[in-house]
Amino acid sequence: MDKLAVLYAEHIATLQQRTRTICEREGLEGLVIHSGQAKRQFLDDMYYPFKVNPHFKAWLPVLDNPHCWIVVNGSDKPKLIFYRPVDFWHKVPDEPRDFWAEYFDIELLLQPDQVEKLLPYDKANYAYVGEYLEVAQALGFSVMNPEPVLNYFHYHRAYKTQYELECLRNANRIAVDGHKAARDTFFNGGSEFDIQQAYLMATRQSENEMPYGNIVALNENCAILHYTHFEAKAPQQHNSFLIDAGANFNGYAADITRTYDFKKQGEFAELVQAMTAAQIELGTGLKPGMLYGDLHVECHNRVAQILSDFDIVKLPAEEIVERKITSTFFPHGLGHHLGLQVHDMGGFMADEMGAQQAAPEGHPFLRCTRIIEKNQVFTIEPGLYFIDSLLGDLAQTDNKQFINWQKVESFKPYGGIRIEDNIIVHEDSLENMTRNLALD
């Protein structure tokens, strides 16, 4: 039997147990989870690409089929209402026969408006979980997305099953293939558009299948944190390349970033090497029992040391941190949970009731503050950038006297650096899925 199929049985058992626990606690008969609906573009007859409800794809890898429903109570075999219309305009999904199908009682739905007859008749004690509240109300649901239920699932989503970990390994494998192709295209003089196409070709996934919009940036564009344009024309001179791009496997995401210097020599290349070394060391700092926020604080110490070593800031590292200069050059968080969503839910939670884990003082904008525990998956993605707007703000402060502005100007044509790996925390070890696949 396929490895995923074996692991999936334990995954479903875990989801059933979680469902049973929260339904008993909240006095619910069960949950009705909606995959979602296609969204029509304004004043048009075309639709936006469909994105499935993450609570739905936690149960099964059906990512591209709207109007599906799961009815589950944690004790009985889950019921899957699978949308399969008669349609000569579009490709109709095949009847489910994959490894996961045997774990569901499957009923086929021909038309979305016929679903009511397949749902529980009395919905008073069933909770609707999904985006389309007006649909839920029309169907007779009075309990919709109850906060205690969502908090419970979001908290426990951080603890990955073995099936989920295997899916994340596969997502990394696909993404690494794309990264290697993108890297080669950059060193062959390709444009951002060329690099993006090479990435998609190597992953065998379309742009809409990517878990997020790829960031493919050359030169100064590397300073734009979420740069999602693709210049079709190659620059006259290639200086640097930053790629932040992932892949999808069964609904689970990879999220990987690399930065390259075109000449592979000189001070920016050395800066990339220094950031890479810091990133690897920070990754080894993921220890069960520690706060992820503390690792973010340590990242600022590492960035400060690099700013000092390269004479970008003419101060010792300790004083750079004390003066909060690092936030100009490293303005985002160290990373986040990874799973069904790129920025997976539950990163701020202190318990399953929804209490929040406070961020470290002076670092309010993090995506993860949680206690690190085994079977959790994190990204580690330190950065160092030369962003005009932030540098302009810095120039208006007393700290401007400590900045080597000539050095800053020399680095501006390169934009910035970000390095990112995806790491599993085990009880007594770490598994860097990204570097295990030989992506330097």
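Backbone N, Cα and C atoms are what each Cβ position is placed from, and that goes for glycine too.
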GLU298, GLU420, GLU427: which one does Swiss-Prot list with ASP255, HIS336, GLU381 for the Mn(2+) 1 site?
GLU420
Site-mate of ASP255, GLU420 for Mn(2+) 2 in Swiss-Prot, selected among ASP244, ASP398, ASP440:
ASP244
Spatial neighbours, same chain, of GLU381 (Mn(2+) 1 binding site) - Cβ under 8 Å, 6+ residues apart:
THR257, GLN279, LEU334, GLY335, ARG418, ILE419, GLU420, ASP421
Distance from ASP255 (Mn(2+) 2 binding site) back to HIS336 (Mn(2+) 1 binding site), taken between C-alpha atoms, in Å:
10
Would you count the other C-beta atoms found within 10 angstroms of the C-beta of ASP255 (Mn(2+) 2 binding site) for me?
25
Restricting to the same chain and to sequence separations of six or more, state which residues have a Cβ under 8 Å from that of ASP244 (Mn(2+) 2 binding site).
ASN214, ILE215, ASP255, ILE256, THR257, ARG418, GLU420
